[in-house]
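Beneath this line is the structure, given in structure tokens, with notes to follow.
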Amino acid sequence: MTENSDKVPITMVGPEDVEFCSPPAYTTVTVKPSGSPTRLLKVGAVVLISGAVLLLFGAIGAFYFWKGNDNHIYNVHYSMSINGKLQDGSMEIDAVNNLETFKMGSGAEEAIEVNDFKNGITGIRFAGGEKCYIKAQVKARIPEVGTVTKQSISELEGKIMPANYEENSLIWVAVDQPVKDSSFLSSKILELCGDLPIFWLKPMYPKEIQRERREVVRNSAPSTTRRPHSEPRGNAGPGRLSNGTRPNVQDDAEPFNPDNPYHQQEGESMTFDPRLDHEGICCIECRRSYTHCQKICEPLGGYYPWPYNYQGCRSACRVVMPCSWWVARILGMV
């Protein structure tokens, strides 16, 4: 059997055919890695510099923001003697948001009171308590003051102030049911209360105060039926309980009464809303601060007259400043 393929003898392979028999030649090529260390270092340096610049601008912005807000926020720390026990207290006034915050005690005995003058709400919370309390507050209508005497209260810093209680002082008792819709409350009050149920507080007058109020109404009733010849600009109406450390002051039908010492103008003709004084926000005639304590109690559901309708009272104390200083702080003039 003959083979169709032709065989080439080895001896007939010439030099020109050697290149077809030798293995292919490889050229040495230097290949640079895709991620060069120099390039990575440059990228890292750019990232670090950019981050440092951002941090620098952030720090500068935060500094100026803090510096701007610091001009409108005032803090003072003091001590208060309550029933012979010394407790720390602090007061913070936020002029921008019309907020006033008082803290008394520490730990399980801490009480926090936030006065939201913009919305007319006061929030009170006790440490370890299961409820948060709110009550109606006067909306601060800051009057226009031409010249204000700048009163320094540096003496209040670190001072020990006695907290005096009156037997017949006003008592605040929580209602039976919590607030269902809290959308009307400000973010500061909601932050204070957190997840606790919120209860309205209603004023409760002891028997002695109720008797005095009835006598005031009875005595003032004849004066409303006849008009005297020389009548002052403001007629006295039913009495309203004043601040805890001062005697009762009758409420006024008109905003100013020259016969009422709490409405007398001070040295530089500075006038204030009388409700600021009546609600215990500040003291019109005072030249120095004083303490004001209020009792927050739980309803008992018993007979209405005192003391059968409340229980479990706790105290929340604060410092009442002179109205001239208080208004000046809110206006940012001190």
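A Cβ is built for glycine as well, from the same backbone N, Cα and C atoms used for every other residue.
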- Message: With the disulphide bonds as Swiss-Prot has them, who is the partner of Cys313, out of Cys293, Cys297, Cys323?
- Response: Cys297
- Message: If you follow Swiss-Prot, the disulfide involving Cys293 connects it to which of the following: Cys282, Cys317, Cys323?
- Response: Cys317
- Query: What three-state secondary structure does DSSP assign to Cys323 (disulfide bond)?
  - Reply: helix
- Based on Cα distances to Cys282 (disulfide bond), point out the closest of the disulfide-bonded residues Cys193, Cys293, Cys313, Cys323. Cys323
- Message: So among Cys132, Cys193, Cys286, Cys313, Cys323, all listed as disulfide-bonded residues, which is physically nearest to Cys293 (disulfide bond)? Use the C-alpha atoms.
- Response: Cys313
- Query: Including all protein chains displayed, how many Cβ atoms other than that of Cys132 (disulfide bond) lie within 10 Å of its Cβ?
  - Reply: 25
- Message: Using DSSP and collapsing to three states, where does Cys193 (disulfide bond) fall: helix, strand or coil?
- Response: helix
- Query: Where the distance is taken from Cα to Cα, which of the disulfide-bonded residues Cys132, Cys286, Cys297, Cys313 turns out closest to Cys323 (disulfide bond)?
  - Reply: Cys286
- Message: Within a 10 Å radius of its Cβ, which of these disulfide-bonded residues (Cys282, Cys283, Cys286, Cys313) has the fewest neighbouring Cβ atoms?
- Response: Cys313
